[in-house]
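> To start, I am sharing the structure in question, which I have written as structure tokens.
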Amino acid sequence: MAGTIYGATVYYDADCNLDALKGKKITVLGYGSQGHAHALNLKESGMDVTVGLRDGSKSWQVAEKDGLPVKTTAEAVKGADVVMVLIPDELQAETYEKDIAPNLKKGAYLGFAHGFNVHYKKIVPPADANVFMVAPKGPGHLVRRTFQEGSGVPSLYAVEKDPSGDTKELALAWAAGIGAGRAGILGTTFREETETDLFGEQAVLCGGICELMQAGFETLTKAGYHPVNAYFECVHEMKLIVDLIYEGGFHTMRSSISNTAEYGDYATGTKLITAETRKEMEQVLADIQSGAFADEFLADYKDGFKKLYARREKAANHESEKVGAELRGLMSWIKK
Ligand SMILES: NC(=O)C1=CN([C@@H]2O[C@H](COP(=O)(O)OP(=O)(O)OC[C@H]3O[C@@H](n4cnc5c(N)ncnc54)[C@H](OP(=O)(O)O)[C@@H]3O)[C@@H](O)[C@H]2O)C=CC1
Ligand SMILES: CC(=O)[C@](C)(O)C(=O)O
Ligand SMILES: [Mg+2]
Ligand SMILES: [Mg+2]
């Protein structure tokens, strides 16, 4: 049953009614990280799922091989009761105008896994549409893997428009259908999910941690230590440390490491994450809240993703990637 944690209601499978989705014609647009997970998990939860992809999509054969019916985006939207938009954020607005809006049936449910386009008003759905979000707090491939393993990824849900009066029930059914009801489902708003998700991925989960790990690797290799040692210390071991935090909080991790490491943890952490760093984090959040980040991201997309592709290329050539690839080749237990 629903739990109350820090005053927030967290829903679990027992609070969700899959019948809210059963018998509905569901379309999942996109078959990438999130799309394949939602489509397959919902299919295995007994739902009628069709995948919508653009012509010539490299994901088309993959989805068909996985046993899912595939149509073009526009065709897949036609007649669907529920349309979940799991295509890249930068492509959603143009796809909405071209293929979704003209074909979305009156009173349909329109879903997202991230609030970006609705929150920043790049997509403004019609008054008769029921607009919801189910946002897994984890990568799509883990949404799929944990579902298959019998667990799930915690998710947020939000309802932006609800003319039918039952959109929350449908959103909870969607979350349960992808496995989130096993881990916890928290209610939020499109604004809050958008701002917290963008902040988390930039300042902590992706931007912050990757820069920290690579700066550590570079500090050691620049000082003449072997790159393999630097990789083991600053990259490979991160999972082992974070796994303990995941399983039991910082206390559990700190009770497993040595007193030496724990002393160094407290003594040095605040030398690196300083008052300056915290001020910078506040600026990152301000740029997200103002829409400045969203505009910068979409401007780069319109400019052919020049900045994104240049940074992707630079990152791929980082020495730690080369060392890691060789080492992982010798670690048979790592899932490829
Ligand atoms: N990645 C993640 O783990 C998370 C993502 N999200 C959100 O989920 C959404 C999807 O992101 P993500 O799964 O990473 O995306 P991916 O880039 O992994 O996959 C995008 C998919 O969309 C397809 N696609 C592209 N254009 C169209 C179109 N016009 N019509 C139909 N399909 C299309 C692509 O196929 P092809 O290129 O072959 O045409 C591909 O299958 C985003 O809103 C994102 O913010 C939320 C939480 C976590
Ligand atoms: C995986 C996830 O939650 C992210 C980092 O927000 C994303 O991929 O957008
Ligand atoms: Mg996220
Ligand atoms: Mg995100």
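Positions of Cβ are set from backbone N, Cα and C atoms, glycine also.
The active site annotation in TrEMBL covers His114. Annotation comment: TrEMBL describes Tyr31, Gly32, Ser33, Gln34, Arg54, Ser57, Ser59, Gly140 as NADP(+) binding site. Marked as Mg(2+) 1 binding site by TrEMBL: Asp197, Glu201. The feature Mg(2+) 2 binding site is assigned by TrEMBL to Asp197, Glu233, Glu237. Feature annotation from TrEMBL assigns substrate binding site to Ser258. As annotated by TrEMBL, domain 'KARI N-terminal Rossmann' applies to 8-188. What TrEMBL records for 189-334 is domain 'KARI C-terminal knotted'.
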> Quick one: among the binding-site residues Asp197, Glu201, Glu233, Glu237, which has the most Cβ atoms sitting within 10 Å of its own Cβ?
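Per the Cβ count within 10 Å, the most buried is Asp197.
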> Just the binding-site residues from Asp197, Glu233, Glu237 whose C-beta lies under 6 Å from any atom of ligand 1, please, or none if there are none.
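With ligand 1 as the reference and 6 Å as the Cβ limit, the list is empty: none.
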> Could you tell me which of the binding-site residues Ser33, Ser59, Glu233 have their C-beta within a distance under 6 angstroms of some atom of ligand 3?
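Cβ < 6 Å from ligand 3: none of the binding-site residues.
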> Of Tyr31, Gly32, Gly140, Asp197, Glu201, the binding-site residues listed, which put a C-beta under 6 Å from ligand 4? Please answer none if none do.
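Near ligand 4, sequence order: Asp197, Glu201.
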> Would you mind pulling the DSSP three-state label for Ser33 (NADP(+) binding site)?
helix
> Using DSSP, how many residues of the domain 'KARI C-terminal knotted' (189-334) fall into helix, strand and coil, respectively?
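So the domain 'KARI C-terminal knotted' (189-334) is made up of 125 helix, 0 strand, 21 coil.
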> Secondary structure at His114 (active site) (DSSP, helix/strand/coil)?
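Going by the DSSP assignment, His114 (active site) belongs to neither helix nor strand, so it counts as coil.
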> Write down the Cα-Cα distance for Asp197 (Mg(2+) 1 binding site) and His114 (active site), rounded and given in Å.
8
> Reported as an integer number of Å, what is the Cα distance between Glu237 (Mg(2+) 2 binding site) and Tyr31 (NADP(+) binding site)?
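Here the two Cα atoms lie 32 Å apart.
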> Sorry to bug you, but what's the C-alpha spacing from Ser258 (substrate binding site) to Tyr31 (NADP(+) binding site), rounded to the closest Å?
44
> Under 8 Å between C-beta atoms and at least six apart in sequence, can you list the same-chain neighbours of Arg54 (NADP(+) binding site), or say none if there are none?
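Listed in sequence order: Thr72, Thr73.
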> Just the binding-site residues from Ser57, Asp197, Glu201, Glu233 whose C-beta lies under 6 Å from any atom of ligand 2, please, or none if there are none.
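Those binding-site residues that pass the cut-off, since their Cβ is under 6 Å from ligand 2, are Asp197, Glu201.
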> Determine the Cβ neighbour count for Gln34 (NADP(+) binding site): the number of other Cβ atoms within 10 Å of its Cβ.
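26, counting other Cβ atoms within 10 Å of Gln34 (NADP(+) binding site).
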